[in-house]
Each structure stands twice: as C-alpha cells, then as structure tokens.
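The structure appears below as structure tokens.
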Amino acid sequence: MCAVSSPNSQYVVAKFGGTSVADFDAMNNCADIILADTNVRVIVLSASAGVTNLLVALAAGCESDKRENYLKQIRDIQYAIIDRLNEADVIREEIDRLLENIEMLSEAASLATSEALTDELVSHGEVMSTLLFVELLRQRNMGAEWFDIRRIMRTNDNFGRAEPNILQIHTLTMEHLHPRLNDTIVITQGFIGREEKGRTTTLGRGGSDYTAALLGEALGLQRVDIWTDVPGIYTTDPRIVPTAKRINKIAFDEAAEMATFGAKILHPATLLPAVRCGIPVFVGSSKEPQAGGTVVCDKTGNPPLFRALALRRKQTLLTLHSLKMLHARGFLAEVFTLLSRHNISVDLITTSEVSIALTLDTKGSTSTNGNLLTNALLTELSKLCRVEVEEDMALVAIIGNELSRAKGLGKGIFGVLEPFNIRMISCGASSHNVCLLVPGNDAEQVIQTLHQSLFEE
Ligand code: ADP
Ligand code: ASP
Ligand code: MG
C-alpha cells in the first residue's frame with residue numbers, strides 16, 4: 001500500500017549512477033537529460049565512479065602510504081571536475097574541507113575501524129558528487145537546491161546495509177522535501193541515510209537506486225528514472241554476453257528477481273517501493289538517452305518462459321554435516337538460530353538426511369568486506385556439526401515465468417552444461433527462477449553457454 005496519495009503525480013525522480021557522474025562531461029550529459037524534461041524535479045546521485053570503492057578501502061584501515069595513494073585518487077577525481085568549472089573557488093574550498101574530513105576519518109579507521117565510522121566515511125562520496133553537480137547546474141543557469149538526504153532518509157542502525165523506516169521517511173519527506181518541489185529542482189544523495197541517534201548509515205552497495213525509488217514512493221511521483229551506463233535491462237549482463245538483447249518491457253516481479261539474483265543494473269530492494277505504489281521504473285543510459293531503455297511495470301503481455309540470466313559472484317558455500325545420528329530432530333532449527341544470531345541470511349539451501357548445504361551472499365554491504373564467516377561463528381557452528389567452507393563460488397540464476405510448471409527444462413539447461421561442475425541446484429521454490437551454484441572461475445562461461453542455449457537458438 002502506498003502511504004501517501006499521489007500529491008506530485010506529474011513529477012519524476014531521476015537517479016544518476018557512478019559512471020553517469022564520473023567526470024565533468026558525464027555530469028553535463030545528466031544536466032542535458034534534466035533540461036529535456038521539466039517534470040524531473042528530484043535528482044538522486046551516486047558518488048563519482050570509483051570513489052565509493054576507495055572510501056570503503058580507506059574505512060577498512062590501511063598503512064599510511066596506501067592511504068595517501070587512495071586519498072590522492074579521490075582528490076584527483078574530484079579536482080578533475082572542479083578544474084572544468086568556471087568560478088570554482090568556493091566549491092574547491094568546500095570539497096577541500098570534505099577531503100580533509102575523509103583524511104581524518106581514514107586515520108581514525110586505521111587505528112580502529114567500526115561499521116558506523118565506515119558509513120560516515122563512505123557517505124562523503126555522495127556528498128561531494130552532489131555539491132559538484134549543483135555547482136555545474138548553477139553555471140549552466142539551472143537553479144537547483146542541494147538537499148541533505150539524511151534529513152529524511154531515516155533508517156535503522158544496521159550500518160552497511162541499513163533498512164529504511166518507510167513511515168518516518170514519508171512523514172519527513174512531506175515535511176522537508178515536498179514543499180520545495182514546485183519552486184526548484186532538488187539534488188540529493190543516494191545510498192546514505194541516518195539512524196535515530198543521528199549517525200550516518202548506508203543502504204548497501206548500489207543503494208542509490210533504492211533511494212530514488214523510496215523518494216518516488218514517499219512523494220507519490222509519476223516515474224522513477226534510473227540513468228546508468230547501459231540503455232536498459234538486457235537478457236544478461238552485456239559485459240559478459242555482448243549479444244544480449246534489451247528487454248523493452250519487464251514486469252516488477254521478473255526485474256526484482258533479476259536484481260535479487262545479482263543483476264547489478266538495479267539494487268535488489270529498488271522495486272519494493274515501486275511495487276507498493278505501482279510506480280513504473282525506467283532504466284536508460286545517460287550517455288545515449290536517445291537509445292531508449294527498459295520500462296519496468298506491473299504487467300507485460302505474454303511473459304516468456306525464459307526472461308534473463310543473472311550472476312552473483314563471491315558466494316560462499318557452507319556444507320554442514322550433523323554430528324548426530326540419522327533422523328536427529330532440530331538440527332536445521334539450531335543452525336538457523338545460530339546464523340540468525342550472527343545476522344547472516346541464508347540464500348540457497350539443499351538438505352540431505354544428515355547434512356545441509358547453504359550459500360551465503362558475501363557482497364553488498366559496506367562493512368563486511370566479504371567477511372561474513374567470522375571465527376566466532378565458525379567456532380559455534382563446529383560445536384553442532386562438521387563444517388566445510390568453499391569460497392569464491394558464483395550463483396547463476398535463470399529467471400523466467402512459470403518455470404516450476406514447465407516441462408523439459410532440463411534439456412535446455414543441463415544438457416548444455418555438461419562440461420561444468422554444478423555444485424548445487426535450487427529449483428521449485430519459486431516459479432520465477434532456477435539457480436545453479438558453480439565455481440567462480442566458470443561463471444562467465446556458464447552464463448555464455450546458457451544464453452546461447454536459452455536466448456539465441
Ligand atoms: P550505476 O553506477 O549506474 O548504478 P551499475 O554498475 O551499478 O551502474 O549497473 C550497471 C551495470 O550493470 C552495467 O554496466 C552492466 O554491466 C551491469 N548489468 C548486470 N546485469 C545486467 C543486465 N541484465 N542488463 C544490463 N546491465 C546489466
Ligand atoms: N556509491 C554507492 C556504491 O558505489 C551507491 C551507488 O552507487 O548506488 O555502492
Ligand atoms: Mg548501481
């Protein structure tokens with residue numbers, strides 16, 4: 001259910017990702033897109049490409065020479081934009097202040113890092129890109145207001161992957177953001193938020209898409225536009241399969257499934273607000289807006305059996321062998337209670353009489369750096385069972401419709417995968433996906449082979 005009726009239904013929120021604001025020229029393309037549609041009133045930006053990765057590395061704590069190197073790379077990215085602006089003194093001072101802050105926080109992180117410190121540090125990327133973009137728009141005679149999203153993006157304190165408080169966001173948005181929209185366009189940060197005590201949080205890597213959708217929902221907007229570096233959602237990542245085809249129209253549930261299973265094009269939670277309010281999402285390329293894109297909406301005519309392939313790398317496979325005899329009760333319950341206490345959510349799961357195999361997603365948060373399997377967790381687990389850990393696996397998801405009812409799936413899928421070791425198969429729980437776990441090194445070839453079989457033949 002939408003928490004507000006549509007008070008601004010003619011307006012649009014546009015989100016520009018890291019590559020779209022990577023440098024001065026890319027930012028200029030974004031300005032052109034905004035100029036071309038007067039309904040675009042709320043602009044959500046990511047940090048310039050590369051900056052978040054560097055900030056995450058600084059937040060993990062590093063030696064001083066490495067730190068200097070990372071800081072220099074961040075400074076170079078921001079200065080390259082400032083150097084192309086005309087009257088740049090004021091903005092340079094502002095960015096310099098933020099860079100000093102980053103340096104100070106990075107030094108603190110190298111002494112003792114924390115999840116809260118990581119999010120505070122990482123948030124500087126979006127703060128800098130939005131300040132620079134407002135200045136660029138000003139110099140193109142486009143009035144725009146910089147808005148600190150933390151005033152309205154209330155989250156819990158699950159740093160690194162914080163969850164938004166939808167009702168509070170609605171109230172705060174109506175109070176602080178909504179009144180501005182008739183007078184100006186608002187430039188704000190994706191990805192970052194604030195918890196109750198006032199500390200900065202982040203919504204998980206790639207979270208700016210989610211911010212845009214949350215704002216679209218809270219403001220009751222007409223559409224959410226996601227501008228990125230590819231002109232739409234394709235049958236698979238076009239970097240892996242250059243012959244992948246664009247999907248012009250896709251249903252919310254299919255696209256959500258793609259995002260959940262790793263299609264980086266959308267943050268996994270992006271479609272939740274859109275579905276709640278039925279707001280269509282458009283995905284296009286800021287480099288070539290004339291190329292069109294994909295519309296994600298409630299329903300499409302004739303959903304195909306196979307829609308797309310998604311890939312999620314860096315998965316860990318845990319195989320847990322029960323120490324007890326056959327038919328021991330409560331083993332699953334004990335394992336899941338333990339994992340939940342360690343804040344770990346399980347992905348795929350298969351079971352046998354005496355063992356469980358499950359996968360953990362080690363990507364997505366700013367704070368874990370892929371290290372979900374702490375020594376504490378492994379020690380506790382080994383009291384319950386014998387633990388086998390296999391890292392660097394990849395999850396390949398075949399996304400489609402009515403897959404659980406289809407006949408003869410095996411031929412198109414498993415017939416062509418003969419040369420590969422498929423470590424785990426998950427099928428049947430959802431009619432929208434069949435998932436395969438394969439060694440990370442084989443992942444791209446598996447995707448290419450499946451694409452050829454399911455989408456090209
Ligand atoms: P942004 O920084 O704009 O958010 P991302 O890098 O997060 O951009 O997402 C865009 C990238 O998503 C593309 O460059 C592409 O490689 C990747 N991608 C993965 N799966 C798909 C897909 N099915 N269709 C299009 N792009 C995809
Ligand atoms: N800058 C953040 C990231 O790189 C958020 C985003 O780009 O959406 O993860
Ligand atoms: Mg992204």
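Glycine too: its Cβ is placed from the backbone N, Cα and C atoms.
Marked as ATP binding site by TrEMBL: Lys15, Phe16, Gly17, Gly18, Thr228, Asp229, Tyr234, Arg239. Secondary structure at Gly18 (ATP binding site), taken from DSSP and collapsed to helix, strand or coil, is helix. Note: Gly18 (ATP binding site) has non-local neighbours Ser46, Ala47, Ser48, Ala49, Gly50, Val51, Thr52, i.e. same-chain residues 6+ apart with C-beta under 8 A of its own C-beta.
Sequence annotations record features per position, and here TrEMBL assigns substrate binding site to Thr52, Glu126. Secondary structure at Glu126 (substrate binding site), as computed by DSSP, is helix. Sequence-distant neighbours of Glu126 (substrate binding site) (same chain, 6+ residues apart, CB-CB distance under 8 A): Leu45, Ser46, Ala47, Gln189, Gly190, Phe191, Ile192, Ser208.
TrEMBL lists 88-115 with the feature coiled coil. Within the chain carrying the coiled coil (88-115), a Cβ under 8 angstroms from the stretch's Cβ atoms is held by residues 55, 58-64, 67, 70-71, 74-75, 78-79, 82, 121, 124, 127-128, 131-132, 135, 159-160, 367, all 6 or more beyond its ends.
TrEMBL lists 320-401 with the feature domain 'ACT'.
Neighbour counts of Cβ atoms within 10 Å were taken for the binding-site residues Lys15, Arg239; the minimum is at Arg239. Not one of the binding-site residues Lys15, Phe16, Thr52, Glu126 places a Cβ under 6 Å from an atom of ligand 1. For ligand 2, the binding-site residues lying close by, meaning a CB under 6 A from one of its atoms, are Gly18, Thr52; the full candidate list was Gly18, Thr52, Thr228, Asp229, Arg239. Around Thr228 (ATP binding site), the C-beta neighbours below 8 angstroms that are at least 6 residues distant in the chain are Gly17, Thr19, Ser20, Ile265, Val283, Gly284, Ser285, Ser286. With respect to ligand 3, the binding-site residues Lys15, Gly17, Glu126 contribute Gly17 as residues with a C-beta closer than 6 angstroms to one of its atoms, given in sequence order. For Asp229 (ATP binding site), the same-chain residues lying six or more positions away in sequence with a CB closer than 8 A to its CB are Gly17, Thr19, Ser20, Ser285, Ser286, Lys287.
DSSP classifies Thr52 (substrate binding site) as helix under the three-state reduction. It is Phe16 that, of the binding-site residues Phe16, Tyr234, has its Cβ surrounded by the most other Cβ atoms within 10 Å.
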